[in-house]
Every structure is written in structure tokens, then in C-alpha cells.
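Listed in Swiss-Prot for this protein:
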DOMAIN    21-137  domain 'MTTase N-terminal'
BINDING   CYS30, CYS66, CYS100  [4Fe-4S] cluster 1 binding site
DOMAIN    158-395  domain 'Radical SAM core'
BINDING   CYS172, CYS176, CYS179  [4Fe-4S] cluster 2 binding site
DOMAIN    398-466  domain 'TRAM'
Amino acid sequence: MIQTKSETITREFTTSAKNRGSYWITTFGCQMNKADSERMAGILQAMGYQKAKTELCADLVLYNTCTIRDNAEQKVYSYLGRQAIRKKSSPHLKLVVAGCVAQQEGESLLRRVPELDLVMGPQHANRLEDLLNQVDNGQQVVATEEHLILEDLTAARRDSNICAWVNVIYGCNERCTYCVVPSVRGKEQSREPKAIKLEIEDLAKKGFKEVTLLGQNIDAYGRDLPGISSSGRRENTLTDLLYFIHDINGINRIRFATSHPRYFTTRLIEACAELPKLCEHFHIPFQSGDNEVLKRMGRGYTIEKYRRIIDKIRELMPNSSISSDVIVAFPGEDESQFQNTLKIIREIGFDQVNTAAYSQRPNTPAASWAEQLPESVKIDRLKELNLLVEQTAKDKNTRYHNQIVEVLAEGINPKNQEQLMGRTRTNRLTFFSKIGPKKYSYNPGDLVKVKISEIRAFSLTGSPIQ
């Protein structure tokens, strides 16, 4: 059963679309940021801005930022420095910093880069029009206060017309000791199921074929929504949402990310096995293969629990692909604990792993711990990890050799104009000829049967067979 929050706020934009100049958005970081950028681009176009041909000729430049690692944050300051110099000769330029760096730094960003016009945290993305109107009135604006995220009826300007990101839950209530996300993205706010369904139905009408449901911890979806069944089970879970949206006509594939092992239930796995549109790919970060490290990270599960989740997925969906995230050189991690992480990667056999050496982030407990590891150890462990991850990914991809897979064509291969590129249901990037048997020509948006002839660690190449 699906229930909704009565206090949901919605808003339509009424600003006339007069020509306000051009805009450019640069996005750093995660899928959530990419989805936010698409939404903000839609707002700007509804206001009368047009996308610029290049960043250097834009009248409004917006950086949607990430602070999960220090190097991502420093890159933002490098970009801002160039725009600050440009603004001295182009005073009409509007300069905006959005996202997690904006939320973390707030007014201190204005002191560091006084040329900024607007600093806005991720909870304020849907307020962009109102905030820019304040800038037009001569104000320098900082919007980082905790805020109820508005349902935004303005159509996002999607980077693709085939695959779409759909935010279903904002924020994070976890307290991982290394992570800055809860302090910059705020508390969990689940969207109403009906609003999510309406957005996906609209995407289907526009010809989109695939949606990816997004959340920092997507399987925590609905914890803040009302609804308890007669059996005492919480309603409005991610599982309920998947059943609720599954039969929307026109949508061929459904994905979701990112999952937290603490909330990944057997019922969710069973639903994914039952519902044919759910793709056989699961992104479930494990972060460390050592229980003591997981405990110090504040992750709330053991590696044994993580293994049980993977075992259940492979029991019900043997051909599923599993991707993950891992951090090495966490404060106090010794060599044996690092080896436990490598052991898990070998034994589980991940299709892909996003890797990182631990990075101290402000306002996180682990940043102040005494057991920080030397940079040389971080570099060595990350290098060893990456070599293993690449070899494991290539080994996993061998199962596709000479196999026929379904690929959703997403666009032209930028390195080979004679090829299309897309993804399998298991999320393998695949390249194939635009021309099939009997000189049939395939186009983006087509579901194509492809026989795989070449494998690499992170991609496949083949030929259409139909």
C-alpha cells in the first residue's frame, strides 16, 4: 500500500521566459549532483536562460560541487579562481556555487571568493529562481539553512533523452565517521510515491526508456513517510515503491542506487527477482573487508552480513552484476585489515569497485583521530587495490565472451562515429556497430541484441545479431 505525506509542498514557476542570457553548469561528484544539475538547468531555461556554447562565454556560471574528497573540493577552487579573474572584465557575469562545498563552507566562500553572487546548498537547488531574483536585486546571497525540499514541477533539462535520473530520497541520517554527506545534504527527506510516479510517467511520455532511482541510501526510502501495515511492517519502503512504479508503460528498465547494506532486505531482493523491468545490477558499498574497521567507520553491519546479501542476490539472480565502493588506509587500518579488504574483493568477485584512499574531511570524527596513515601508505595501498579491481573486473567480463546480451543504445561512441554505445541490463558499457544484419540501422533508444566478441576490464564490444 502506498501512502503520501499531506505536507508535501509543490511549486510551479510563473516567470516569463524572456531572454536572460546564457548559462553553463559544471557538475562535480555523484549521481545525486548530476540529477540536481539537470533540475537546475531546467529552472534556468524556464527563466529564459539558454545553454552557452562554452563556459567562457556564459553569462551565468554555476558549479555544482562535491566535498566527499579533498581533491574534488580543491578542483572547485581552481575553477572559481579563473572565473573570478574573468568577472573583473565582465561584471555582468553571475557566479554561483551550489552543492556540498557551498553547504560546508557557507559565508566563508564569499570571503575567499568575494566575486561570488550566490552560494547555495543542495537542499536549495529547487529554489534557484527565487535566489537568482534576489541576486538581480543587488544582493549577495547565501542559502545554506536546513530547508524542506520543494517538489519542483519544472521539467529538468536532461543530459540524455533515453535514460533519466529520478531523485526519490534526499539527505542521509547515517553517521559514518569518515563522511561529510549528512552535514551537507541534511536529514533524509523521501518524496511522495505519487510524485515520483508522475515524474516517471512524464518521462515515459517523452520517450525515455530507463530510469535510475537515486538516493544517498536509497533502501532507506520511506522511513520518514507514514504507513504501518496490519502486520506491523513499515509501508512505503523502496520495495513498495518498485511495485508501485513497475508497470508504467514505455519504461523498459528500472535501476536504483546507492544501497546501504544495513537496509538491504531479503524482501527487496525477492522483488527485484520477480519484477522483470528491474535490472540485474546492484551497487552496494562495503567500504572495508574488516569488521573492526567497519565498526570504527560506523557502518552498522559486519562483512558476514554483507556476504549474506550478495549470496541471496546470486541465489535468486545468478547472472547479476555487483559493484561497490571501498576505502583503504582508514585511520588505524593495519596491513592485515587491508589484506582482508583484498580478500573480500577476490572472494566476492565484484564487476566493478569505486576505490579511494581515506581523505580527512572537516566536521567528521575520523578526521581528528591520531592514527592517520602516511600518504605513502595511502598511495601504495590504493595502487595495489586498483590493480586487483581491474583484474577482477576483466575476469568477470570473460563470462560475456561469445554471449548474446541486450543493450539499450544510449548514443554514438565519441571515439568511433560508426558505433553506438549503451549498457547491458547488468550495467556493462558496450560498443557495437550502428549497422546490423541486412544493413539494418540502429539508433539511440533501441534495445539491441549484441553478440560480444571483445572484452576489456570495464567495457565490452560486439555486433548486433538481429
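In case you wondered, yes, glycine gets a Cβ from its N, Cα and C as well.
Predicted, not measured: the structure shown is a model, and the values here were computed from it.
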Packing count at CYS176 ([4Fe-4S] cluster 2 binding site) (other Cβ atoms within 10 Å of its Cβ): 20
Greatest C-beta neighbour count within 10 angstroms, which of the binding-site residues CYS30, CYS66, CYS100, CYS172, CYS179: CYS100
Chain-mates of CYS30, CYS66, CYS100 with C-beta within 8 Å of site centroid, [4Fe-4S] cluster 1: PHE28, GLY29, MET32, ASN33, THR65, THR67, ILE68, ALA72, GLY99, VAL181, VAL184
Closest of CYS172, CYS176, CYS179 to CYS66 ([4Fe-4S] cluster 1 binding site), Cα positions, binding-site residues only: CYS179
Coarse DSSP state, helix versus strand versus coil, of CYS172 ([4Fe-4S] cluster 2 binding site): coil
Tally of residues which DSSP labels helix, strand or coil - the domain 'TRAM' (398-466): 6 helix, 40 strand, 23 coil
Composition by DSSP (helix, strand, coil) of residues within the domain 'MTTase N-terminal' (21-137): 67 helix, 25 strand, 25 coil
Near-site residues: [4Fe-4S] cluster 2, ref CYS172, CYS176, CYS179, CB cutoff 8 A to centroid: GLU174, ARG175, TYR178, VAL180, VAL181, PRO182, GLN216
DSSP-derived class (H/G/I helix, E/B strand, else coil) of CYS179 ([4Fe-4S] cluster 2 binding site): coil
Integer mean pLDDT for the domain 'MTTase N-terminal' (21-137): 92
